[in-house]
């Protein structure tokens with residue numbers, strides 16, 4: 001382990017000297033082999049790494065089609081065969097220290113390589129070399145830094161579009177896929193069974209992605225999206241997991257707008273009343289407006305979340321909360337003056353008294369009429385009786 005650390009430090013120092021001393025410029029001027037590959041790649045222990053790679057030769061040079069083209073990977077420093085460089089794979093079969101294989105066709109200048117069964121000791125700077133005799137050249141200007149880690153990288157959660165209510169947005173979770181032969185399995189709390197897509201990036205590396213479109217509401221504000229990436233390792237026998245979380249911040253128009261009154265209950269004329277308007281909004285409410293209803297149209301009476309005034313008469317009040325996304329009107333609050341209720345009660349008592357008086361008079365009148373109707377009949381019966389007595393006892 002100590003020897004490896006010394007070699008790595010030596011490689012870094014030599015590599016720095018190589019580029020900082022001006023050798024970099026000379027490198028690009030005199031190079032015979034150029035590769036197209038990422039400058040840096042990360043991989044996971046127990047998994048594999050697919051290195052996308054193509055090469056081309058200096059103008060005027062070409063491969064000999066009559067001989068076999070071999071590819072060589074070595075590490076530490078860009079000088080092949082010099083002290084400090086270490087060949088770790090040669091497709092000729094002469095060296096296979098590291099578990100590598102070319103999946104690309106070298107005769108077609110495709111040097112794509114599969115690096116398997118990785119561990120952290122493979123972290124280093126690697127260089128590619130072509131051997132097609134008599135052509136022998138190293139891509140000494142195009143070092144590839146490979147870093148092998150024990151823990152997988154976290155997935156990335158991305159949201160496209162404006163994050164405000166009633167808008168439709170696309171939410172995706174993606175994870176780097178160092179090895180397309182062993183992609184990660186993505187799961188999240190937005191959708192149980194999401195369709196996985198593997199995308200090829202511009203540098204020919206791969207990304208695994210899941211995606212969902214949703215229409216936002218104020219209820220999504222504060223919702224935590226959780227996405228997990230499960231990487232199979234050790235030929236699928238084990239799994240390494242990483243997780244990412246992202247909290248949705250959704251803008252919305254005012255909600256739950258309401259009015260409270262103090263003091264509550266009946267108030268007397270001339271007393272002071274305080275009305276308070278509250279609402280939930282994002283961004284916060286920029287303006288509160290107070291209105292009093294009337295027969296023709298509502299009358300604007302004040303602005304601000306707090307409205308205080310001396311009572312002169314009753315009425316119906318409400319407030320409107322506004323922000324840049326919209327507004328909402330509160331329910332109405334009825335302000336009743338205690339004196340008004342007393343006057344109303346007095347009116348009711350008077351009406352009831354009048355009704356009672358009229359009813360009494362009507363009953364009395366009916367009684368009088370009934371008396372007038374029965375008295376003549378009684379007088380007639382008395383006269384007949386007198387006549388009968390007179391007839392029975394003549395004088």
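Start at 1 and count along the chain as shown; that gives each residue its number.
Each residue, glycine too, has its Cβ placed from N, Cα and C.
Marked as domain 'Ig-like' by TrEMBL: 155-249 (among others).
Under DSSP, the residues of the domain 'Ig-like' (254-336) split into helix, strand and coil as follows: 0 helix, 53 strand, 30 coil. According to TrEMBL, the feature domain 'Ig-like' maps to 254-336 (among others).
The signal peptide annotation in TrEMBL covers 1-23.
Annotation source TrEMBL lists transmembrane segment at 347-368.
Residue counts for the domain 'Ig-like' (155-249) under DSSP (helix as H, G, I; strand as E, B; rest coil) come to 3 helix, 54 strand, 38 coil.
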